[in-house]
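The compositional bias 'Low complexity' annotation in Swiss-Prot covers 273-289. Under the heading domain 'Cyclin N-terminal', Swiss-Prot lists 53-143. Annotation comment: Swiss-Prot describes 268-303 as region 'Disordered'.
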Amino acid sequence: MAANYWESTQRKHWQFTKQDLAAIRQRLDDEDPGLVQMFPLPQLRHLNIYFNQQINRLSKRIGLRQQVMATAQVYLKRFYTRIAIRQTNPYLVLTTVLYLACKMEECPQHIRMMTQEARSLWPSDLHGHDPARVGECEFSLISEMHSNLIVHQPYRSLLGVQDEFGLTQDEMSLAWTVINDHYMTDLPLLHPPHVVALTAVLLALVLRPSANTPAAGGAGGNAGAAAAAAAAGAGGVAMAATALAQAQAQVQARAAAIAAAGAGGGTPGFGSQGSQQQAGFSQGNSQGSLQGDSAAAEPKKVTDPRLAKVQRFAAWLADSNIDIEAMVDCTQELISFYECHEQYNDKHTKEQISRFIKARNLDK
């Protein structure tokens, strides 16, 4: 994998704004409005939840690691910014993105075995498909993604800050789950992986279960993170918002002081690529931040260990070059996703997908 996210095709070609994504999807719908009207689909978040579950199911049958599943989900999102969902058999695409991700993550699987497992899992929707169809779909997938197959994930950044922030095993487990869950949103197409990782850390700190409530872990365990969000309620969300607001206020105050001193009109290096490599930051600089600025960020003694850790995290953010506005957006998107998950109906989503597959003979 390429070490430098900032020089990667992911950053150059596969990071969009929300407005860009909305325009792309609208353009795909406008290509065949009759098809859209004839075969309505659930909202995109519910489709993402369903696709995530199916990738997890197929992966477990084969024994694949989380990294492979994550890469497959990114491929799926990229592909569906180029091709309308209703033009494809999603089960064939799910099989193919997982097959291709296995190759890229250096754990290749035989195409016949992958096809056999997929047909066993979705017999009514893939009964007419053979390995040749997966091979054809793979060619189309690579072509539509312009052979941009290297994917930078947030997991490495999360592991890189575990000791830095003194994260407990429960906090790491919850943060890992939040990262798993972000693949059911548009965040992999919107923000750099280190921003997602830091957002996951913040949410793990403020939504962390009590001592007698086990944290959720594992692949795609969004029920655990959603339950933690529900248990924390508005208080946990408010704590996250306050931490980000404090960090942003310190950044703005520092910028104003520099401007007043005649040293420049903005925060030096804010969002610069030099200090935001794949890990998102320099460990040495971050240690200095924690030791040097945390005292200034904590004017009074904090007795709650969790609140103290959140405040230290906010102080570190203020002294870093991390895009705090992007973290705010990530936080809002994830909280909104957990709320949306409450309305998810698996049976309805499956029926809507199967309806257009059968009607258009895409299962043959």
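From the backbone N, Cα and C atoms, a Cβ is placed for every residue, glycine too.
Confidence across the domain 'Cyclin N-terminal' (53-143), taken as the mean pLDDT and rounded to a whole number, stands at 96. When the domain 'Cyclin N-terminal' (53-143) is classified with DSSP, helix, strand and coil residues number 70 helix, 0 strand, 21 coil.
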